[in-house]
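**Q** Residues annotated as domain 'G-protein coupled receptors family 1 profile' in TrEMBL: 84-347. Taken from TrEMBL, the feature transmembrane segment covers 65-93, 105-128, 134-160, 181-201, 229-251, 294-318, 330-350.
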Amino acid sequence: MAPNMISDVLPASMLSSPDSPGCANSTVFRPEYRVGGKYLGWNVPAEELHHIPEHWLVYEEPESYMHYLLGLLYICFMFVALSGNGIVIWVFTCAKSLRTPSNMFVVNLAILDFLMMAKTPIFIYNSFNLGFALGGYGCQIFAFVGSISGIGAAVTNAAIAFDRYRAIARPFDGKLSAGKVLVILALIWGYTLPWALFPLLGTWGRFVPEGYLTSCSFDYLTNTAENKIFVMMLFFFSYVIPMFMICFYYAQIVNHVFDHEKALREQAKKMNVDSLRSNQNMNAVSAEVRIAKAAITVCFMFVASWTPYAICALIGAFGNKALLTPGVTMIPACTCKAVACIDPWVYAISHPKYRLELQKRLPFLRINEPDPPADTKSEATVATTEG
């Protein structure tokens, strides 16, 4: 476990003088110490070291194969996410049956997930060059695009939960019109952009490399009051609020469906019939179980993908920084990318009309989705954003 301070393990002669540029935010090692791959940052030019928090510079450089494995993993992530989200954007924007106001949220989510993975070539290049190869400019681009796509996806998930809540639990309020959806989308982007622009412009917070120095994110390690306030505000507005909205609206959906099914069963019992539903498939999974599973899946995905990152940020700002080793902090970076690969399956591929369009446009996929009855809508469609 690495010490908290550089001075605990290195002699004063190996540290830069207090007057050196960037000494307040990083430690600049003498050239004779940094060569040979002994510690992280060994291959970083001296003029680029001020971008790196000193916390990382006391850790030994990982084996080369770790960089290569992560690079290969991100290549897989990139291929799956770009192809999956690209197909979602293409089909949902081209198919007339899918151009509904509610599905605009799904397209926005796919665009954000596409952006998140479109920046992965920076990580891949850094990994195969064993570190901070693209320097400060590459780091700023990587972190800026990641901030927009990550925070925007979280808020878009909350908007999707709200839209489904209105469609299922409050159907008499009417569906959201295209104009209202556009306003909500504008608010989502307006809510997201400041949190990415503040660190980019250096107004509040900053973007820095993390872990193996191949990825970049918000600076959650600098021990200043200003930075700690930034981390807390970011945690609240980009994690707590979307988390609360997602869990609240899906819980309301589940409760509504359970209550509705219970009322139907009680009324059927009073009328001495098996069911009040017409054309009901008795072998199909009940509606409340389907929607409950979808709600739990969505909540679990959000928690599993972003909670590790939130915990790391809080530990870095307020806890024991020695817990944040380079290997540990690479785990949240991977979970955030993995959810971008999964989102198309949860929000789109489970959509019957989407599968029908895929069947028409990409017949080699052999989806074999049956055409829905003309007079009825499937329960799965009811559970999607179309309500």
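Cβ coordinates are placed from backbone N, Cα and C, and glycine is handled just like the others.
Note that TrEMBL annotation is computational and uncurated.
What's the neighbourhood like for each of these?
**A** Note on the domain 'G-protein coupled receptors family 1 profile' (84-347): its mean pLDDT in the predicted model is 86.
Taking Cβ pairs closer than 8 Å, the transmembrane segment (134-160) reaches residues 45, 48, 51, 105-106, 108-109, 112-113, 115-116, 118-119, 122-123, 125-126, 184-185, 188-189, 191-193, 195-196, 199-200, 207-209, 215-218, 238-239, 241-243, 245-246, 249, 298, 302, 306, 336, 339-340, 343, 347, 385 in its own chain, all 6 or more past its ends.
Only residues 6 or more beyond the boundaries of the transmembrane segment (229-251), in the same chain, are considered here, and those with a CB under 8 A from a CB of the stretch are 150-151, 154-155, 157-158, 161-162, 164-165, 191, 195, 198, 204-205, 218, 220, 295-296, 298-299, 302-303, 306, 310, 313-314, 316-317.
For the transmembrane segment (330-350), the residues of the chain that approach it from at least six positions outside its boundaries are 70, 73-74, 77, 80-81, 84-85, 87-88, 91-92, 106, 109-110, 113, 116-117, 120, 146, 149-150, 153, 160, 210-212, 215, 217, 294, 297-298, 301-302, 304-306, 308-309, 311-312, 380, 384-385, judged by C-beta separation under 8 angstroms.
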**Q** Using a Cβ cut-off of under 8 Å, list the residues of the same chain at least 6 residues beyond the transmembrane segment (294-318) that approach it.
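**A** 55, 150, 154, 157, 161, 217-218, 220-221, 227-228, 231-232, 234-235, 239, 242-243, 246-247, 250-251, 253-254, 324, 328-329, 331-333, 335-336, 338-339, 342-343, 346, 350, 383.
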